[in-house]
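Encoded as structure tokens, the structure appears first; notes follow it.
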Amino acid sequence: MKNRVEFKLWHELYGEINEINIYMYLLFAVAVYFSFFIFSKIGEKYKPKKNIDNSTFHFSKKKLWPLIGLIILIIVYYLVIFSDSFFKGYNSQISNVAQKGPLISALQVLLAISLIITSITTSKNSEFKSYKIINVSFIIYLVGSLLVLSLGGRLYFISGLFAIIVYISNREKSFNIWIASSLFIFTIILMGLIGVWRASSINIDSSNVLYNLFQEPIYTSYSLVDFLRTEQHKLIEVPRLLASEFLNLVPTILAPEKLEYISKPIDFGYHIYNPSGALHAYVSFAINFGLLGSIPIFGILGLGLGILKGKTNAFSQTMYSLVSSHLVFTFFRDGFVTSIIKNLFQYSILVPILIGLYLIIINKIKCRVESIK
């Protein structure tokens, strides 16, 4: 392995990469893309013997109101605590993600509830209009997300916005590729504007917005070019690091120091250079599954998304929208402890499942009480 350095410019790191490693990276990118694409198409064609529809969950808004009320109380509580820090960007004393953890989690639950309510209360066969997504829980989610955005964090606001775009694109017949492309470009520009605004000391103009947009992938790629330079990749790796990262599922309010007990790449002999904190997806997959081991993992991810896309029940539609949004804005620049565990598994999969189980349990309790009467 080549000697490592404390800091070098990006092009200096890139210049030290063995050319074979660059071709290997490109081959890896093509392989995982086709694995994801092919298996997603297989997933879309999958037809289960027993199809789960909305009636399985015995949905009614009345059953959800206790849960919505609890989530709203949590959101209001933290908004009051953070009230002195709103609209200060990175100058806010609450710019750390861990401090905002409970509030972000509550907002993610509320977003899932909003999408589920919209899916169940609007028939798949009837003409869907985007305004139908607006309900009480969605309005509260939007207000809360805007206030969290004012604290300096743009990731969850943008991801939520994109989840809504994905959801509407699957439901509204008039929603075409041109509308989707325009909204995507608008979202990217919005990311740049927010990035400049939260820095406070930088003037908002086109050059600074472009600089902010380009610095994100460049800073993220530092970990990639250094990883290729130091030739740390393996063909197959056991996901020991990922296994320890499931500790991140424990609520921050119950275990505020939980991140200290999660294994680090250095514990398994990997030296990661990411001066900005962002971790390239190639590095994450290489240190968890290895290069060959990552290819079927992308296939499994594509298969799962394809199956969710092909289903019509509210919970599958919600999961598909949330997973898609986090794949765009967190999957390629955050470590698995955030991207896979927190955003994809907890917020996008586990939360909708728990909401569905909540509805089923409430219905069983109601039936039991009525049978006793």
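Just so you know, glycine gets a Cβ as well, placed from its N, Cα and C.
According to TrEMBL, the protein has these features:
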type     : residues : note
TRANSMEM : 20-43    : transmembrane segment
TRANSMEM : 64-83    : transmembrane segment
TRANSMEM : 103-121  : transmembrane segment
TRANSMEM : 155-170  : transmembrane segment
TRANSMEM : 177-197  : transmembrane segment
TRANSMEM : 285-307  : transmembrane segment
TRANSMEM : 314-332  : transmembrane segment
TRANSMEM : 344-363  : transmembrane segment
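Highlighted: of the candidate stretches 155-170, 285-307, 314-332, 344-363, 285-307 has the greatest count of Cβ pairs under 8 Å to the transmembrane segment (20-43).
Long-range Cβ contacts of the transmembrane segment (314-332) within its own chain (Cβ-Cβ under 8 Å, at least 6 residues beyond either end) map to 52, 54, 57, 59, 111-112, 115-116, 119-120, 155, 158-164, 166-167, 170-171, 220, 280-281, 305, 307-308, 338-339, 343-344, 347-349, 352-353, 355-356.
Residues of the same chain lying 6 or more positions beyond the ends of the transmembrane segment (344-363) and with a Cβ under 8 Å from any Cβ of it are 56-59, 63-64, 67, 105, 108-109, 112-113, 116, 249, 315, 318-319, 322-323, 326-327, 331. Most Cβ pairs under 8 Å with the transmembrane segment (155-170) belong to 103-121, among the candidate stretches 64-83, 103-121, 285-307. Residues 24, 28, 31-33, 35-46, 227, 232-237, 239, 241-242, 265, 268, 270, 272, 316, 320, 323-324, 336 of the same chain lie 6+ residues outside the transmembrane segment (285-307) yet bring a C-beta within less than 8 angstroms of a C-beta in it.
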